[in-house]
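> Here's a structure for you.
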Amino acid sequence: MLPQKQAEEAMVSTFDQIESGDRDREDEEREKDQSAGFSFKTFLWHGGSVYDAWFSCASNQVAQVLLTLPYSFSQLGMISGIILQIFYGILGSWTAYLISILYVEYRSRKEKENVSFKNHVIQWFEVLDGLLGPYWKAAGLAFNCTFLLFGSVIQLIACASNIYYINDNLDKRTWTYIFGACCATTVFIPSFHNYRIWSFLGLGMTTYTAWYMAIAALVHGQVEGVKHSGPTQLVLYFTGATNILYTFGGHAVTVEIMHAMWKPQKFKYIYLLATLYVFTLTIPSATAVYWAFGDQLLTHSNAFSLLPRTAWRDAGVILMLIHQFITFGFACTPLYFVWEKVIGMHDTKSICLRALARLPVVIPIWFLAIIFPFFGPINSAVGALLVSFTVYIIPSLAHMLTFRSASARQNAAEKLPFFLPSWTAVYLFNAFVVVWVFVVGFGFGGWASMTNFIKQVDTFGLFAKCYQCAPKGPPPPRPAPAHH
C-alpha cells in the first residue's frame with residue numbers, strides 16, 4: 001500500500017507543478033495583453049486556448065487532400081472508402097492521444113528537474129529523446145522532418161494544380177515558382193501561438209469547399225454512362241487506402257500545437273473532436289463526387305478538374321489556395337524550429353532575424369515541388385513511407401516502451417483513459433496499430449504507392465511542365481484574306 005500511496009502523492013505533486021506552470025504562463029500572457037489593452041492584434045494574433053487548438057487541428061487535418069479523396073474512392077470503391085476513413089480516423093485520434101500523453105509525461109519529468117521552457121518550443125524528437133534516449137530522438141527527427149518537408153512540398157504542388165483551373169495561361173510549373181515565393185512569407189509567423197485567425201479562417205475555407213463539392217456534384221448529376229468499377233486492382237486499392245491513412249495522419253505537429261496552449265494537458269481529446277468534424281467534410285464530398293463521375297476520377301486526381309466551372313467553383317479554388325498557404329505554414333513551422341535550434345537562433349526575439357534565418361528551409365521544398373509535381377500519387381507515397389512511421393508506429397511503440405515498467409505506470413503523469421482503463425488493453429491496442437500499419441500501410445501501401453508513383457514518373461517525367469493538363473487545341477485558323 002505504501003508504494004501505491006507514494007505514487008499517488010507523486011502524481012498529485014506532478015499535476016500541481018504542471019498546473020502551476022500553466023497558470024503562470026496563462027497569467028503572463030493575459031497580463032501582457034491587458035497591459036497593451038484590447039486590440040485586434042491581441043485578438044487575432046495571441047491564441048493558446050482549447051478552442052485555438054481545436055481550430056488548428058481541424059484546419060490542418062484536411063487541406064489539398066480533400067480534393068484527392070474522390071480519386072481515392074475511385075480506386076477503393078464507395079464502401080471501402082467510407083469504412084477506411086472512419087477506421088483511420090479512429091487510429092489517428094488514438095495516436096494523437098498517445099503523443100499528448102507522452103508530451104505531458106516528458107514535460108512533467110523535466111519540470112521536476114527545474115527545466116524551464118520559457119523561450120523554447122518543445123518538439124516531438126525532444127520528447128522521444130527525454131523519454132527513450134538518443135536513438136529514438138534520431139528516428140523521430142528523421143521521419144518527422146522528412147514528412148513535414150514533403151507535406152510542405154505537397155501544398156506547393158496543390159497550389160499550382162488548383163490555380164491552373166482558374167488561369168491556364170501559365171503552366172503548373174510556373175505557378176509553382178510563383179506560389180513558392182508567396183509561401184516563403186510564412187517565415188514571419190513566429191509560432192503556432194500566432195495562428196489563431198489563420199486556423200479559424202482555414203477551417204471555414206475547407207468547410208465551404210467540401211460542401212461546394214458535395215452540392216455541385218449532386219446538382220450536376222451522374223455523367224452519361226458513369227461506371228463505379230472500383231476496386232479493380234490491388235495496386236490501386238492500396239494506393240487509395242494509403243491516401244486515406246495520410247489524410248488522418250496530419251498530427252505530426254501535435255506537440256508544437258500543445259506547446260502553444262496555455263494548458264496543454266487539456267489537449268487529450270481535442271484531436272478526436274476535430275476528426276469527428278472533419279468526417280462531416282470528407283465523407284459527403286468524396287461520396288458525392290465519386291457518385292457523379294465514377295471511374296473518370298482515376299485519371300483526374302484533383303476533383304476541381306471535373307466539376308463545372310462556375311463562380312462557386314472559382315471561389316472554392318481561391319479559398320483552397322489561401323488554405324494551402326496556411327497549411328504550408330503549419331507543416332513548415334516545426335522545420336523552422338529545428339533549423340533555428342541547429343544554427344543557434346531559436347532564442348532570438350527579433351522576428352526579422354528569425355525570418356531571415358528560416359529562408360534556407362524553403363529552398364529545398366520549392367525545388368522538390370518542381371521535380372515531383374504528381375498531385376495525388378505523391379500523397380500516397382508520403383503516407384506509406386513516412387506517415388505510417390511518424391504518426392502511427394513510433395508513437396505507439398514509444399508509449400509501450402515509456403510505460404513498460406511497473407514504476408513508470410504507477411508514476412504516470414496522466415491516468416489511463418476512461419474508455420480503456422486497463423494497461424493490458426492499451427498495450428494490445430498499441431500492438432495492433434503497429435502491426436496493422438506496418439503490414440498494410442507501410443508494406444502493401446508502400447508497394448502500391450511507389451508502383452503508382454514510378455508509373456507517373458515514366459508517363460510524365462521528372463520536372464513535368466504541366467502534370468495531367470488537358471492538351472490545348474490548335475489555335476483557330478486565321479481568316480483568308482479577302483480577294484479584291
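Cβ atoms here come from the backbone N, Cα and C positions, even for glycine.
Bear in mind that TrEMBL entries carry predicted annotations, made automatically and left uncurated.
TrEMBL lists 46-438 with the feature domain 'Amino acid transporter transmembrane'. The transmembrane segment annotation in TrEMBL covers 76-104, 141-163, 175-193, 200-223, 235-257, 269-293, 315-339, 351-375, 381-403, 424-447.
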> Between the transmembrane segment (315-339) and the transmembrane segment (269-293), do 3 or more CB pairs sit under 8 angstroms, pairs being 6 or more residues apart?
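As far as Cβ distances go (cut-off 8 Å, pairs 6 or more apart), the transmembrane segment (269-293) and the transmembrane segment (315-339) do not touch.
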> Counting Cβ pairs under 8 Å that sit 6 or more residues apart, are there three or more between the transmembrane segment (424-447) and the transmembrane segment (200-223)?
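No, the transmembrane segment (424-447) and the transmembrane segment (200-223) are not in contact.
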> The transmembrane segment (175-193): which same-chain residues, six or more beyond its ends, come within Cβ distance under 8 Å?
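That would be 46-48, 56, 121, 152, 155-157, 159-160, 163-164, 253, 256-257, 259-260, 321, 325, 328-330, 332-333, 336-337, 351, 354-356, 358-359, 361-362, 365-366, 369-370, 373.
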> Can you name the far-off residues of the same chain, 6+ from the ends of the transmembrane segment (76-104), with a Cβ under 8 Å from a Cβ of it?
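The answer is 18, 57, 69, 122, 124, 127-128, 131, 228, 230-231, 236-237, 240-241, 244-245, 247-251, 254-255, 258-259, 264-265, 267-269, 271-272, 275, 278-279, 282-283, 286-287, 290-291, 391-392, 395-396, 398-399, 402, 413-414, 417, 429-430, 433, 436-437.
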> Where, among 200-223, 315-339, 381-403, do we find the most CB pairs under 8 A to the transmembrane segment (235-257)?
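The stretch with the most close Cβ contacts to the transmembrane segment (235-257) is 381-403.
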> In the same chain, which residue numbers or ranges, 6 or more beyond the ends of the transmembrane segment (315-339), come under 8 angstroms Cβ to Cβ?
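For the transmembrane segment (315-339), the list is 56, 59-60, 63-64, 66-67, 121, 123, 125, 141, 144-145, 148-149, 151-152, 155-156, 158-159, 162-163, 165-166, 179, 182-183, 186-187, 189, 191-192, 195, 198-199, 201-202, 205-206, 208-209, 212-213, 252-253, 256, 304, 346, 354, 357-358, 360-362, 365.
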